[in-house]
Amino acid sequence: MEAAARRRQHPGAAGGPGTQPGASSLQARHGSVKADEAARTAPFHLDLWFYFTLQNWVLDFGRPIAMLVFPLEWFPLNKPSVGDYFHMAYNIITPFLLLKLIERSPRTLPRSMIYISIITFIMGASIHLVGDSVNHRLLFSGYQHHLSVRENPIIKNLKPETLIDSFELLYYYDEYLGHSMWYVPFFLILFMYFSGCFTPTKAESSVPGTALLLVVPSGLYYWYLVTEGQIFILFIFTFFAMLALVLHRKRKRLFLDSNGLFLFYSFALTLLLVALWVAWLWNDPVLRKKYPGVIYVPEPWAFYTLHVSSQH
């Protein structure tokens, strides 16, 4: 009787001083989940990375090319071009693939941050859709991408001059606001996914042959994204953050899995291609005038209008 009374007065006595059985079991489950996440390694997502690379090349890189190839009679200048429909498809498919990629991450990622990033990505890409549509349609009127808005022959003589301000606003939405709201969350999502691509088993830190085949088209596309999007600072910051994370995790005996290696190798190839691109056009006087800043990374479309289309 006395022992039972003591147990009623001190419920934690049976499990040790100050111990709550419910809390201890919850902590144990939480710890087991963390340990399970650390030990779990995802296989290489060949299907997602293939679809991701394919739609990037077709819907993003191929967008302005399709606009120039298809006859103008099919898509009048006062209607959306075929490239605009490509962009609409990109704005739907890319967020879907990013969400599927996050679902397959072996590590639980912050859902709220993922959702906010996806929403911002869609909004930025949609802003860019409108601005880029008008800017590319101006090519048929003689607009030259290697010149600034005010220096373009078809723009500088507009009356009233406030119309020039409107075109500069359009350019701002296209090249600055749209790109920022599009690419910042895009690289943030890739980095968050990358942070979960580590394994404690060194034997699993290898790239399958199928992944190596995708590294070149993937890295080449990111070169186009970085140069045409003028986001070298964002890209180099993301790449060095990935490198710092790899070195930090290596101290804890954690190694990149096949998906992390694929992404890291793609970005490393991109950095090499950007360096070669800049070195090739380093002494171009016209492009130097358009990109006068410390960081000189010419856009491929500016190079096209200056050195390719002007020759025809």
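Cβ coordinates are placed from backbone N, Cα and C, and glycine is handled just like the others.
As given in TrEMBL:
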- 1-30: region 'Disordered' (REGION)
- 1-10: compositional bias 'Basic residues' (COMPBIAS)
- 48-70: transmembrane segment (TRANSMEM)
- 85-102: transmembrane segment (TRANSMEM)
- 114-131: transmembrane segment (TRANSMEM)
- 176-194: transmembrane segment (TRANSMEM)
- 206-224: transmembrane segment (TRANSMEM)
- 230-248: transmembrane segment (TRANSMEM)
- 260-282: transmembrane segment (TRANSMEM)
Look at every Cβ pair spanning the transmembrane segment (48-70) and the transmembrane segment (206-224), keep those 6 or more apart in sequence, and say whether at least 3 of them are under 8 Å. yes
Tertiary contacts of the transmembrane segment (85-102) (same chain, 6+ residues out, Cβ under 8 Å): 45, 48, 51-52, 55-56, 58-60, 62-63, 66, 109, 114, 118, 121-122, 125-126, 128-129, 132-133, 186, 189, 192-193
Which range out of 114-131, 206-224, 230-248, 260-282 gives the transmembrane segment (176-194) the most CB pairs under 8 Å? 114-131
Sort out the residues at least 6 away from either end of the transmembrane segment (206-224), same chain, that have Cβ-Cβ distances under 8 Å to it, and list them. 44, 46, 49-50, 53, 56-57, 60-61, 235, 258, 261-262, 265-270, 273-274, 277, 300
